[in-house]
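Asks: What follows is a single structure, and I will ask about it in a moment.
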Amino acid sequence: MSQAQTPHRSEQTLTPTIDDQGAISSAPPSSKGFEDTEKDAEKVVVTGPPGSDAPDGGIVAWLVVLGAWCTSFCSFGWLNSVGVFQEYYQTTLLSNYSASTIAWIPSLQIFFMMGMGPIIGALYDNFGPRWLILIGSLLHVFGIMMTSLASKYWQILLAQGVCSAIGVSAIFQPSLSCIGGWFNLKRGAAFGILSTGSSIGGVIFPIMVSHLIEKVGYGWAMRICAFLILFLLIVANLTVRAFHPPRPQPMTRAQMVKPFHEMEFLFLLGGFFCFTYGIFVPINYLPVQALAAGMSNDLAQYLIPILNAASLFGRLFSGFMGDKIGRYNIFVVVCYLSGIWILALWIPDTSNPALIAFAILFGFCSGAYVSLIAPSLCRSPPCPRSASVPASSSSSLPLAVSPPTPSTEQSSRLLLVSPASRSSPASCVLLERRSSSSLGSIAPDSRCLLYSDLATRVFICSGII
(Lines of atoms letter the chains of each structure in order from A and count residues from 1; the text may use other names and numbers.)
(Lines give C-alpha, C1' and ligand atoms only; values in the text may rest on other atoms or scores of the structure.)
Protein backbone atom coordinates (compact mmCIF):
# COMPACT_ATOMS: atom_id res chain seq x y z
CA MET A 1 0.00 0.00 0.00
CA SER A 2 2.81 2.37 0.89
CA GLN A 3 4.64 1.52 -2.31
CA ALA A 4 1.61 2.46 -4.35
CA GLN A 5 1.41 5.85 -2.69
CA THR A 6 5.06 6.78 -3.17
CA PRO A 7 4.88 7.61 -6.90
CA HIS A 8 1.80 9.68 -6.25
CA ARG A 9 3.69 11.74 -3.62
CA SER A 10 6.72 12.20 -5.86
CA GLU A 11 4.55 13.61 -8.64
CA GLN A 12 3.42 16.50 -6.49
CA THR A 13 5.23 19.69 -7.44
CA LEU A 14 5.33 23.13 -5.90
CA THR A 15 5.56 26.34 -7.85
CA PRO A 16 7.91 28.84 -6.17
CA THR A 17 6.52 32.37 -5.87
CA ILE A 18 7.37 35.64 -4.19
CA ASP A 19 4.65 37.16 -2.09
CA ASP A 20 3.86 40.86 -1.85
CA GLN A 21 6.25 41.20 1.10
CA GLY A 22 9.21 39.92 -0.87
CA ALA A 23 9.36 36.58 0.95
CA ILE A 24 9.75 33.28 -0.82
CA SER A 25 7.06 30.63 -0.99
CA SER A 26 7.03 27.17 -2.55
CA ALA A 27 3.26 26.76 -2.77
CA PRO A 28 0.67 28.02 -5.27
CA PRO A 29 -0.15 31.65 -4.56
CA SER A 30 -3.84 30.89 -4.42
CA SER A 31 -3.48 28.58 -1.41
CA LYS A 32 -0.69 30.25 0.59
CA GLY A 33 -0.29 33.58 2.26
CA PHE A 34 2.35 35.79 3.80
CA GLU A 35 3.42 33.08 6.25
CA ASP A 36 4.69 30.87 3.42
CA THR A 37 8.08 32.46 3.02
CA GLU A 38 11.35 30.93 1.95
CA LYS A 39 11.13 28.87 5.14
CA ASP A 40 8.56 26.66 3.39
CA ALA A 41 10.71 26.20 0.33
CA GLU A 42 13.66 25.26 2.50
CA LYS A 43 11.54 22.70 4.36
CA VAL A 44 10.65 21.04 1.08
CA VAL A 45 14.32 20.86 0.14
CA VAL A 46 15.67 19.73 3.48
CA THR A 47 13.14 17.03 4.34
CA GLY A 48 14.19 14.91 1.39
CA PRO A 49 12.10 12.46 -0.58
CA PRO A 50 10.00 9.71 0.99
CA GLY A 51 12.25 6.94 2.28
CA SER A 52 15.26 9.14 2.90
CA ASP A 53 17.55 7.14 5.17
CA ALA A 54 19.66 9.92 6.70
CA PRO A 55 19.92 9.06 10.42
CA ASP A 56 19.72 12.72 11.55
CA GLY A 57 21.73 11.96 14.65
CA GLY A 58 23.45 9.21 16.56
CA ILE A 59 27.02 8.82 17.79
CA VAL A 60 28.54 8.14 14.38
CA ALA A 61 26.76 11.06 12.72
CA TRP A 62 27.86 13.54 15.37
CA LEU A 63 31.40 12.15 15.25
CA VAL A 64 31.37 13.04 11.56
CA VAL A 65 30.39 16.58 12.57
CA LEU A 66 33.26 16.58 15.08
CA GLY A 67 35.74 15.52 12.41
CA ALA A 68 34.38 18.07 9.96
CA TRP A 69 34.67 20.71 12.69
CA CYS A 70 38.36 19.81 13.02
CA THR A 71 38.86 20.27 9.27
CA SER A 72 37.06 23.62 9.44
CA PHE A 73 39.33 24.71 12.30
CA CYS A 74 42.45 23.69 10.35
CA SER A 75 41.34 25.07 6.98
CA PHE A 76 39.21 28.22 7.12
CA GLY A 77 40.42 28.87 10.65
CA TRP A 78 43.98 28.93 9.33
CA LEU A 79 43.06 31.07 6.33
CA ASN A 80 41.23 33.52 8.58
CA SER A 81 44.60 34.25 10.17
CA VAL A 82 46.19 35.58 6.98
CA GLY A 83 46.20 39.13 8.35
CA VAL A 84 48.78 38.17 10.98
CA PHE A 85 51.14 36.77 8.35
CA GLN A 86 50.63 39.76 6.04
CA GLU A 87 51.68 42.09 8.86
CA TYR A 88 54.68 39.96 9.92
CA TYR A 89 55.96 39.41 6.39
CA GLN A 90 55.52 43.08 5.53
CA THR A 91 57.39 44.37 8.59
CA THR A 92 59.95 41.65 9.29
CA LEU A 93 60.59 38.52 7.24
CA LEU A 94 59.95 39.95 3.76
CA SER A 95 60.38 43.64 4.48
CA ASN A 96 62.36 44.15 1.27
CA TYR A 97 59.30 43.18 -0.80
CA SER A 98 56.37 45.44 -1.56
CA ALA A 99 53.05 44.93 0.17
CA SER A 100 51.36 44.04 -3.11
CA THR A 101 53.93 41.30 -3.77
CA ILE A 102 53.51 39.83 -0.30
CA ALA A 103 49.73 39.92 -0.67
CA TRP A 104 49.92 37.19 -3.32
CA ILE A 105 50.71 34.66 -0.58
CA PRO A 106 47.33 34.89 1.22
CA SER A 107 45.68 35.60 -2.11
CA LEU A 108 46.79 32.26 -3.54
CA GLN A 109 45.76 30.50 -0.35
CA ILE A 110 42.19 31.67 -0.72
CA PHE A 111 42.19 30.99 -4.47
CA PHE A 112 43.28 27.36 -4.17
CA MET A 113 40.84 26.84 -1.31
CA MET A 114 37.97 27.37 -3.77
CA GLY A 115 39.64 26.91 -7.15
CA MET A 116 40.42 23.23 -6.53
CA GLY A 117 36.69 22.56 -6.25
CA PRO A 118 36.06 20.72 -9.55
CA ILE A 119 39.05 18.41 -9.06
CA ILE A 120 38.22 17.68 -5.44
CA GLY A 121 34.55 17.18 -6.31
CA ALA A 122 35.32 14.70 -9.09
CA LEU A 123 37.70 12.74 -6.86
CA TYR A 124 35.11 12.68 -4.09
CA ASP A 125 32.44 11.32 -6.43
CA ASN A 126 34.75 8.52 -7.55
CA PHE A 127 36.69 7.59 -4.42
CA GLY A 128 34.92 9.08 -1.41
CA PRO A 129 36.45 11.27 1.33
CA ARG A 130 38.97 8.97 3.02
CA TRP A 131 41.97 9.31 0.68
CA LEU A 132 41.23 12.95 -0.07
CA ILE A 133 41.32 13.94 3.59
CA LEU A 134 44.43 11.85 4.22
CA ILE A 135 46.36 13.34 1.30
CA GLY A 136 45.08 16.83 2.11
CA SER A 137 46.23 16.45 5.71
CA LEU A 138 49.74 15.51 4.59
CA LEU A 139 49.93 18.40 2.12
CA HIS A 140 48.63 20.95 4.63
CA VAL A 141 51.02 19.92 7.41
CA PHE A 142 53.95 19.51 5.01
CA GLY A 143 53.33 22.98 3.55
CA ILE A 144 53.36 24.62 6.98
CA MET A 145 56.48 22.71 8.01
CA MET A 146 58.27 23.82 4.85
CA THR A 147 57.13 27.40 5.49
CA SER A 148 58.82 27.24 8.89
CA LEU A 149 62.11 26.51 7.12
CA ALA A 150 61.65 29.06 4.34
CA SER A 151 63.53 32.33 4.23
CA LYS A 152 62.87 33.50 0.68
CA TYR A 153 59.74 34.84 -0.93
CA TRP A 154 59.34 32.11 -3.55
CA GLN A 155 59.75 29.42 -0.91
CA ILE A 156 56.98 30.86 1.26
CA LEU A 157 54.79 31.39 -1.80
CA LEU A 158 55.07 27.74 -2.85
CA ALA A 159 54.88 26.22 0.64
CA GLN A 160 52.18 28.35 2.25
CA GLY A 161 50.44 29.79 -0.80
CA VAL A 162 50.26 26.62 -2.92
CA CYS A 163 51.10 23.36 -1.11
CA SER A 164 49.31 24.08 2.16
CA ALA A 165 46.37 25.69 0.34
CA ILE A 166 45.78 22.66 -1.90
CA GLY A 167 45.80 20.49 1.21
CA VAL A 168 43.26 22.81 2.84
CA SER A 169 40.91 22.38 -0.11
CA ALA A 170 41.30 18.59 -0.02
CA ILE A 171 40.32 18.35 3.65
CA PHE A 172 37.56 20.95 3.86
CA GLN A 173 35.39 20.27 0.81
CA PRO A 174 35.02 16.48 1.30
CA SER A 175 34.06 17.06 4.93
CA LEU A 176 31.26 19.34 3.82
CA SER A 177 30.08 16.73 1.35
CA CYS A 178 29.90 13.99 3.98
CA ILE A 179 27.59 15.78 6.40
CA GLY A 180 24.79 16.07 3.83
CA GLY A 181 24.37 12.30 3.83
CA TRP A 182 24.15 11.97 7.61
CA PHE A 183 21.65 14.76 8.30
CA ASN A 184 18.34 15.69 6.79
CA LEU A 185 16.07 17.66 9.11
CA LYS A 186 19.01 18.77 11.28
CA ARG A 187 21.34 19.86 8.49
CA GLY A 188 21.09 23.52 9.41
CA ALA A 189 22.18 22.78 12.97
CA ALA A 190 24.94 20.43 11.81
CA PHE A 191 26.42 22.97 9.42
CA GLY A 192 26.00 25.75 11.95
CA ILE A 193 28.12 23.77 14.41
CA LEU A 194 30.62 22.89 11.69
CA SER A 195 31.10 26.50 10.66
CA THR A 196 32.09 27.53 14.18
CA GLY A 197 35.36 25.68 13.71
CA SER A 198 36.68 28.28 11.30
CA SER A 199 35.75 31.11 13.67
CA ILE A 200 37.38 29.48 16.68
CA GLY A 201 40.44 28.70 14.60
CA GLY A 202 40.49 32.29 13.44
CA VAL A 203 40.56 33.38 17.09
CA ILE A 204 43.20 30.95 18.31
CA PHE A 205 45.69 30.96 15.43
CA PRO A 206 46.38 34.74 15.27
CA ILE A 207 46.93 35.01 19.03
CA MET A 208 48.95 31.82 19.05
CA VAL A 209 51.18 32.85 16.14
CA SER A 210 51.78 36.38 17.45
CA HIS A 211 52.83 35.23 20.92
CA LEU A 212 54.89 32.28 19.69
CA ILE A 213 56.85 34.44 17.25
CA GLU A 214 57.84 36.71 20.13
CA LYS A 215 58.87 33.82 22.41
CA VAL A 216 60.28 31.05 20.18
CA GLY A 217 60.68 32.70 16.79
CA TYR A 218 58.87 32.38 13.47
CA GLY A 219 60.14 28.90 12.60
CA TRP A 220 59.01 27.17 15.79
CA ALA A 221 55.78 29.14 15.81
CA MET A 222 54.88 27.59 12.45
CA ARG A 223 55.97 24.13 13.57
CA ILE A 224 53.84 24.26 16.72
CA CYS A 225 50.86 25.29 14.60
CA ALA A 226 51.61 22.38 12.26
CA PHE A 227 51.65 19.92 15.18
CA LEU A 228 48.30 21.24 16.44
CA ILE A 229 46.82 20.93 12.95
CA LEU A 230 48.26 17.42 12.63
CA PHE A 231 46.56 16.30 15.84
CA LEU A 232 43.18 17.69 14.79
CA LEU A 233 43.45 16.20 11.31
CA ILE A 234 44.20 12.79 12.82
CA VAL A 235 40.86 13.11 14.62
CA ALA A 236 39.23 14.10 11.32
CA ASN A 237 40.70 11.14 9.46
CA LEU A 238 39.37 8.78 12.12
CA THR A 239 35.84 10.19 12.26
CA VAL A 240 34.85 11.65 8.87
CA ARG A 241 33.21 9.10 6.60
CA ALA A 242 30.56 9.14 3.90
CA PHE A 243 27.12 7.73 4.67
CA HIS A 244 26.90 6.15 1.21
CA PRO A 245 29.59 4.57 -0.97
CA PRO A 246 30.96 6.55 -3.93
CA ARG A 247 28.89 6.56 -7.10
CA PRO A 248 31.03 7.75 -10.01
CA GLN A 249 29.03 9.87 -12.44
CA PRO A 250 30.93 11.67 -15.19
CA MET A 251 30.27 15.38 -15.61
CA THR A 252 29.25 16.18 -19.18
CA ARG A 253 29.90 19.43 -21.00
CA ALA A 254 26.16 20.08 -21.14
CA GLN A 255 25.95 19.87 -17.36
CA MET A 256 28.90 22.22 -16.99
CA VAL A 257 27.40 24.95 -19.18
CA LYS A 258 23.80 24.52 -18.04
CA PRO A 259 24.03 27.09 -15.20
CA PHE A 260 25.11 29.81 -17.63
CA HIS A 261 21.79 29.52 -19.47
CA GLU A 262 19.92 30.71 -16.38
CA MET A 263 19.87 34.47 -15.86
CA GLU A 264 18.85 34.07 -12.23
CA PHE A 265 21.90 31.92 -11.52
CA LEU A 266 24.15 34.48 -13.19
CA PHE A 267 22.80 37.17 -10.86
CA LEU A 268 23.47 34.95 -7.86
CA LEU A 269 26.94 34.16 -9.15
CA GLY A 270 27.61 37.87 -9.60
CA GLY A 271 26.51 38.50 -6.03
CA PHE A 272 28.81 35.84 -4.63
CA PHE A 273 31.67 37.06 -6.82
CA CYS A 274 31.34 40.60 -5.46
CA PHE A 275 30.98 39.40 -1.88
CA THR A 276 34.02 37.13 -2.19
CA TYR A 277 35.97 40.02 -3.68
CA GLY A 278 35.26 42.22 -0.68
CA ILE A 279 35.00 39.85 2.26
CA PHE A 280 38.68 38.95 2.63
CA VAL A 281 40.04 42.49 2.40
CA PRO A 282 39.34 43.42 6.06
CA ILE A 283 40.44 39.96 7.23
CA ASN A 284 43.75 40.33 5.42
CA TYR A 285 44.39 44.04 5.78
CA LEU A 286 42.80 45.20 9.05
CA PRO A 287 45.92 44.80 11.28
CA VAL A 288 48.19 46.55 8.76
CA GLN A 289 45.74 49.42 8.33
CA ALA A 290 45.30 49.73 12.11
CA LEU A 291 49.06 49.98 12.66
CA ALA A 292 49.26 52.64 9.95
CA ALA A 293 46.52 54.57 11.77
CA GLY A 294 48.53 54.58 15.00
CA MET A 295 47.17 51.60 16.93
CA SER A 296 49.70 49.85 19.15
CA ASN A 297 50.97 46.47 18.03
CA ASP A 298 49.74 44.84 21.25
CA LEU A 299 46.17 45.86 20.42
CA ALA A 300 46.34 45.47 16.63
CA GLN A 301 47.24 41.79 16.91
CA TYR A 302 43.87 41.13 18.56
CA LEU A 303 41.74 42.71 15.82
CA ILE A 304 41.57 39.53 13.72
CA PRO A 305 40.73 37.35 16.75
CA ILE A 306 37.99 39.84 17.67
CA LEU A 307 36.62 39.75 14.12
CA ASN A 308 36.63 35.95 14.02
CA ALA A 309 35.09 35.67 17.48
CA ALA A 310 32.20 37.83 16.31
CA SER A 311 31.89 35.75 13.14
CA LEU A 312 31.33 32.69 15.33
CA PHE A 313 27.99 34.09 16.43
CA GLY A 314 27.21 35.23 12.89
CA ARG A 315 27.71 31.73 11.54
CA LEU A 316 25.61 30.14 14.26
CA PHE A 317 22.92 32.75 13.61
CA SER A 318 22.88 32.13 9.85
CA GLY A 319 22.88 28.35 10.28
CA PHE A 320 19.94 28.16 12.66
CA MET A 321 17.92 31.17 11.48
CA GLY A 322 18.43 30.22 7.84
CA ASP A 323 16.25 27.16 8.46
CA LYS A 324 13.51 29.41 9.81
CA ILE A 325 13.38 32.49 7.57
CA GLY A 326 15.43 31.42 4.57
CA ARG A 327 19.12 31.47 3.68
CA TYR A 328 18.79 33.95 0.83
CA ASN A 329 16.89 36.35 3.07
CA ILE A 330 19.71 36.12 5.64
CA PHE A 331 22.35 36.56 2.96
CA VAL A 332 20.77 39.77 1.63
CA VAL A 333 20.82 41.30 5.11
CA VAL A 334 24.43 40.41 5.90
CA CYS A 335 25.62 41.61 2.47
CA TYR A 336 23.98 44.96 2.99
CA LEU A 337 25.20 45.42 6.56
CA SER A 338 28.76 44.33 5.73
CA GLY A 339 29.04 47.16 3.21
CA ILE A 340 27.37 49.64 5.55
CA TRP A 341 29.84 48.95 8.37
CA ILE A 342 32.73 49.73 6.05
CA LEU A 343 31.13 53.01 4.95
CA ALA A 344 29.99 53.98 8.44
CA LEU A 345 32.97 52.89 10.56
CA TRP A 346 36.10 52.03 8.63
CA ILE A 347 36.18 55.01 6.27
CA PRO A 348 35.16 57.98 8.47
CA ASP A 349 36.99 57.00 11.67
CA THR A 350 40.30 55.20 12.30
CA SER A 351 40.36 55.57 16.08
CA ASN A 352 40.86 52.49 18.23
CA PRO A 353 37.21 52.26 19.40
CA ALA A 354 35.95 52.59 15.82
CA LEU A 355 38.26 49.87 14.51
CA ILE A 356 37.33 47.51 17.34
CA ALA A 357 33.63 48.17 16.78
CA PHE A 358 34.11 47.57 13.07
CA ALA A 359 35.88 44.27 13.73
CA ILE A 360 32.95 43.09 15.88
CA LEU A 361 30.12 44.22 13.59
CA PHE A 362 31.79 43.26 10.32
CA GLY A 363 32.84 39.92 11.79
CA PHE A 364 29.29 39.10 12.83
CA CYS A 365 27.78 39.97 9.45
CA SER A 366 30.52 38.42 7.36
CA GLY A 367 30.39 35.22 9.41
CA ALA A 368 27.40 34.07 7.39
CA TYR A 369 29.60 33.83 4.27
CA VAL A 370 31.10 30.41 5.02
CA SER A 371 27.78 29.03 6.24
CA LEU A 372 25.73 30.21 3.27
CA ILE A 373 27.84 30.17 0.11
CA ALA A 374 27.84 26.40 -0.48
CA PRO A 375 24.14 25.66 0.22
CA SER A 376 23.00 28.81 -1.57
CA LEU A 377 24.94 27.99 -4.73
CA CYS A 378 23.68 24.44 -4.66
CA ARG A 379 20.03 25.51 -4.30
CA SER A 380 20.11 27.76 -7.33
CA PRO A 381 17.87 26.81 -10.28
CA PRO A 382 20.30 24.75 -12.38
CA CYS A 383 20.75 22.50 -9.35
CA PRO A 384 17.11 21.54 -8.69
CA ARG A 385 15.83 18.67 -6.68
CA SER A 386 14.14 15.91 -8.61
CA ALA A 387 11.61 13.85 -6.73
CA SER A 388 12.84 10.75 -8.54
CA VAL A 389 16.42 11.21 -7.37
CA PRO A 390 17.11 10.03 -3.81
CA ALA A 391 18.37 12.66 -1.44
CA SER A 392 20.85 10.17 -0.03
CA SER A 393 23.27 10.56 -2.94
CA SER A 394 26.88 9.68 -2.21
CA SER A 395 27.87 13.19 -3.23
CA SER A 396 25.57 15.09 -0.88
CA LEU A 397 26.81 18.60 -0.12
CA PRO A 398 25.73 21.12 2.47
CA LEU A 399 21.96 21.26 2.24
CA ALA A 400 22.26 19.75 -1.22
CA VAL A 401 19.34 18.06 -2.85
CA SER A 402 20.82 15.44 -5.15
CA PRO A 403 21.47 16.96 -8.56
CA PRO A 404 23.09 14.65 -11.15
CA THR A 405 26.59 15.04 -9.67
CA PRO A 406 26.21 17.44 -6.78
CA SER A 407 29.75 17.31 -5.49
CA THR A 408 31.33 17.98 -8.87
CA GLU A 409 28.71 20.49 -10.00
CA GLN A 410 28.68 22.59 -6.86
CA SER A 411 32.45 22.46 -6.58
CA SER A 412 32.59 23.80 -10.12
CA ARG A 413 30.39 26.68 -9.03
CA LEU A 414 32.77 27.49 -6.20
CA LEU A 415 35.50 27.68 -8.83
CA LEU A 416 33.57 30.47 -10.56
CA VAL A 417 33.92 32.74 -7.53
CA SER A 418 37.53 31.78 -6.80
CA PRO A 419 39.07 34.47 -9.08
CA ALA A 420 37.52 37.09 -6.80
CA SER A 421 39.11 35.52 -3.75
CA ARG A 422 42.46 35.42 -5.54
CA SER A 423 42.36 39.08 -6.49
CA SER A 424 40.95 40.70 -3.36
CA PRO A 425 44.04 40.92 -1.10
CA ALA A 426 46.35 41.96 -3.91
CA SER A 427 43.89 44.48 -5.33
CA CYS A 428 43.49 45.98 -1.86
CA VAL A 429 47.17 46.87 -1.77
CA LEU A 430 47.20 48.04 -5.38
CA LEU A 431 44.31 50.38 -4.66
CA GLU A 432 46.17 51.76 -1.68
CA ARG A 433 49.07 52.73 -3.93
CA ARG A 434 46.76 54.96 -5.94
CA SER A 435 45.48 56.86 -2.93
CA SER A 436 46.99 59.17 -0.39
CA SER A 437 45.67 57.07 2.46
CA SER A 438 45.23 53.41 3.20
CA LEU A 439 41.51 54.10 3.26
CA GLY A 440 41.59 54.26 -0.52
CA SER A 441 41.24 50.49 -0.64
CA ILE A 442 38.16 50.41 1.54
CA ALA A 443 35.56 52.20 -0.58
CA PRO A 444 35.77 49.70 -3.48
CA ASP A 445 35.51 46.92 -0.91
CA SER A 446 32.24 48.29 0.48
CA ARG A 447 30.86 48.82 -3.03
CA CYS A 448 31.53 45.16 -3.84
CA LEU A 449 29.57 44.07 -0.78
CA LEU A 450 26.66 46.34 -1.68
CA TYR A 451 26.74 45.11 -5.29
CA SER A 452 26.51 41.59 -3.87
CA ASP A 453 23.41 42.61 -1.93
CA LEU A 454 21.84 44.08 -5.08
CA ALA A 455 22.58 41.02 -7.22
CA THR A 456 21.20 38.65 -4.60
CA ARG A 457 18.05 40.76 -4.27
CA VAL A 458 17.52 40.54 -8.03
CA PHE A 459 18.00 36.78 -7.84
CA ILE A 460 15.38 36.43 -5.10
CA CYS A 461 12.89 38.76 -6.77
CA SER A 462 13.08 36.65 -9.93
CA GLY A 463 10.82 34.21 -8.12
CA ILE A 464 12.68 31.06 -9.05
CA ILE A 465 13.44 29.68 -5.60
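Note: Cβ is positioned from N, Cα and C throughout, glycine not excepted.
Checked TrEMBL, it gives:
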- 1-29: compositional bias 'Polar residues' (COMPBIAS)
- 59-79: transmembrane segment (TRANSMEM)
- 60-465: domain 'Major facilitator superfamily (MFS) profile' (DOMAIN)
- 99-124: transmembrane segment (TRANSMEM)
- 131-150: transmembrane segment (TRANSMEM)
- 156-176: transmembrane segment (TRANSMEM)
- 188-208: transmembrane segment (TRANSMEM)
- 220-244: transmembrane segment (TRANSMEM)
- 265-287: transmembrane segment (TRANSMEM)
- 299-318: transmembrane segment (TRANSMEM)
- 330-348: transmembrane segment (TRANSMEM)
- 354-378: transmembrane segment (TRANSMEM)
- 389-400: compositional bias 'Low complexity' (COMPBIAS)
Asks: Checking distant contacts: for the transmembrane segment (131-150), what same-chain residues at least six beyond its ends satisfy Cβ-Cβ under 8 A?
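Replies: Same-chain contacts beyond the flanks: 71, 74-75, 120, 123-124, 156, 158-160, 162-172, 174-175, 218-223, 225-226, 229-230, 233-234, 236-237, 240.
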Asks: With pairs restricted to those 6 or more apart in sequence, evaluate whether the transmembrane segment (156-176) and the transmembrane segment (59-79) have 3+ C-beta pairs under 8 Å.
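Replies: Yes, since the transmembrane segment (156-176) and the transmembrane segment (59-79) share at least 3 Cβ pairs closer than 8 Å, they count as touching.
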Asks: Between the transmembrane segment (188-208) and the transmembrane segment (299-318), are there at least three Cβ pairs closer than 8 Å, leaving out pairs fewer than 6 positions apart?
Replies: yes
Asks: Looking only at the domain 'Major facilitator superfamily (MFS) profile' (60-465), report the model's average pLDDT.
Replies: 75
Asks: Can you name the far-off residues of the same chain, 6+ from the ends of the transmembrane segment (59-79), with a Cβ under 8 Å from a Cβ of it?
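Replies: 106, 109-110, 113, 133, 140, 164, 168-169, 171-172, 175-176, 178-179, 182-183, 190, 193-202, 204-205, 225, 229, 232-233, 235-241, 308, 370.
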Asks: Using a Cβ cut-off under 8 Å, which residues of the same chain at least 6 positions beyond either end of the transmembrane segment (220-244) come close to it?
Replies: 54-55, 60, 63-64, 66-68, 70-71, 73-74, 78, 128-130, 133-134, 137, 140-141, 144-145, 147-148, 171, 174-175, 177-178, 181-182, 205, 208-209, 212-213, 392-394, 396
